[in-house]
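Inspection log for the structure reproduced underneath, given as structure tokens.
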Amino acid sequence: MAKLNFGGVEENVVTREEFPLSKAQEVLSKETVAVIGYGVQGPGQALNQKDNGINVIVGQRKNSKSWDKAVRDGFVPGETLFDIEEALEKGTIICYLLSDAAQIELWPTVKKHLTAGKALYFSHGFGITFNEQTGIVPPADVDVFLVAPKGSGTSLRRMFLEGRGLNSSFAIFQDATGKAWERVIALGIAVGSGYLFETDFKKEVFSDLTGERGTLMGCIQGIFAAQYEVLRSKGHTPSEAFNETVEELTQSLMPLVAENGMDWMYANCSTTAQRGALDWWKKFRDATKPVFEELYESVATGKESQRSIDLNSQPDYREKLDAELKELRDSEIWQAGKTVRGLRPENQTVEA
Ligand SMILES: NC(=O)C1=CN([C@@H]2O[C@H](COP(=O)(O)OP(=O)(O)OC[C@H]3O[C@@H](n4cnc5c(N)ncnc54)[C@H](O)[C@@H]3O)[C@@H](O)[C@H]2O)C=CC1
Ligand SMILES: CC(=O)[C@](C)(O)C(=O)O
Ligand SMILES: [Mg+2]
Ligand SMILES: [Mg+2]
């Protein structure tokens with residue numbers, strides 16, 4: 001592993017130079033990688049592995065939309081696409097990519113096919129860390145590890161096609177064969193990771209649940225809504241409020257942050273903006289930090305995982321979830337956003 005300096009802290013990480021694709025192909029040459037589930041991560045990871053020359057098969061419920069998608073994506077029924085049990089039987093490495101809640105339901109079936117020397121792969125620390133809630137306890141004679149891409153499976157695939165890579169964490173929970181390290185790193189490279197950083201199952205799930213409820217999704221929607229509502233209540237138009245809250249951030253400023261950091265984005269804004277942003281950021285940090293503390297606590301005590309499991313197990317949960325997502329979609333801010341997106345020159349059809 002390469003020892004690199006991250007802001008003054010040394011960390012061991014695995015880079016693609018150090019562990020090239022050719023090495024991953026060699027390590028996995030005798031394996032059959034069975035990707036179980038073809039939702040969001042499933043397609044990204046299975047297709048990237050396929051394009052990277054790995055012997056990958058998909059296991060998915062027949063007569064489902066995801067089955068049809070796998071066929072459209074080039075997986076061949078009876079050759080590289082099977083129902084779940086058949087794939088579990090054929091696979092030497094089982095990539096367990098059902099939704100975290102569905103993993104609980106299917107676990108007895110998966111366990112049955114975990115014969116000595118196979119490997120069980122996750123993309124989340126959820127099932128193992130919260131095993132008192134999930135009942136997922138693997139047999140001792142299989143390898144158990146994770147590669148958790150830090151982003152959507154959609155981005156994992158898109159970035160792969162662009163010749164880029166999405167960073168992932170990796171962790172080994174159980175090394176039964178003595179080969180867990182090379183197996184997990186090879187998989188991490190094969191699924192299209194940028195660089196790989198080490199974690200453990202608990203840290204992965206604690207940070208991931210915090211991140212998605214926090215700055216990545218929950219918090220960002222919360223602060224967008226707060227600023228938008230204030231601007232609207234003071235008489236600003238939807239167009240002005242949306243541009244000043246979301247569009248400018250995603251189209252202009254965040255790409256600058258992605259490219260060269262926050263200070264560089266600041267440096268490319270007016271001195272007036274810089275003065276104000278430097279004065280105000282700590283106030284926002286102090287206002288939200290107690291919420292992040294509360295959030296982390298809720299994750300660490302198992303409250304968040306239990307809530308997710310309980311709600312997901314309700315028979316009408318899908319419909320309720322769709323209704324909540326629709327409420328978000330129908331809110332003024334995101335309806336205004338739809339119009340704004342349609343007005344981006346690249347989205348406009350050329351008029352005669
Ligand atoms: N969505 C993402 O991009 C990310 C997901 N992950 C992790 O990857 C894993 C997979 O997540 P997603 O791809 O989001 O899953 P998903 O919610 O898209 O579901 C995956 C598959 O599960 C199947 N499924 C659902 N219920 C089932 C059942 N009862 N029996 C059989 N099949 C069933 C669906 O048909 C679908 O093909 C999870 O552990 C998740 O935390 C990690 C990083 C990002
Ligand atoms: C995309 C990702 O990594 C998330 C937000 O943690 C998830 O989908 O669970
Ligand atoms: Mg997550
Ligand atoms: Mg995540």
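Note: Cβ is positioned from N, Cα and C throughout, glycine not excepted.
TrEMBL annotations: computationally assigned, not manually curated.
For Asp208 (Mg(2+) 2 binding site), the same-chain residues lying six or more positions away in sequence with a CB closer than 8 A to its CB are His124, Gly125, Ala148. According to TrEMBL, the feature Mg(2+) 2 binding site maps to Asp208, Glu244, Glu248.
Positions annotated as Mg(2+) 1 binding site by TrEMBL: Asp208, Glu212. For the recorded site, Asp208 (Mg(2+) 2 binding site), the DSSP three-state label reads helix.
Neighbour count (other Cβ atoms within 10 Å of the Cβ, all protein chains): 9 for Ser270 (substrate binding site). When secondary structure is read from DSSP and collapsed to three states, Ser270 (substrate binding site) falls in the coil class. The substrate binding site annotation in TrEMBL covers Ser270.
The domain 'KARI N-terminal Rossmann' annotation in TrEMBL covers 9-199.
According to TrEMBL, the feature domain 'KARI C-terminal knotted' maps to 200-347.
Summarising model confidence by region, the domain 'KARI C-terminal knotted' (200-347) averages a pLDDT of 98. Classification of Glu244 (Mg(2+) 2 binding site) by DSSP places it within a helix. Glu244 (Mg(2+) 2 binding site) sits 24 Å from Glu212 (Mg(2+) 1 binding site), taking the CA atoms of both as reference points.
Taking Asp208, Glu244, Glu248, Ser270 as the candidate binding-site residues, the subset whose CB lies under 6 angstroms from any atom of ligand 4 consists of Asp208. Glu212 (Mg(2+) 1 binding site) sits 22 Å from Glu248 (Mg(2+) 2 binding site), taking the C-alpha atoms as the reference points.
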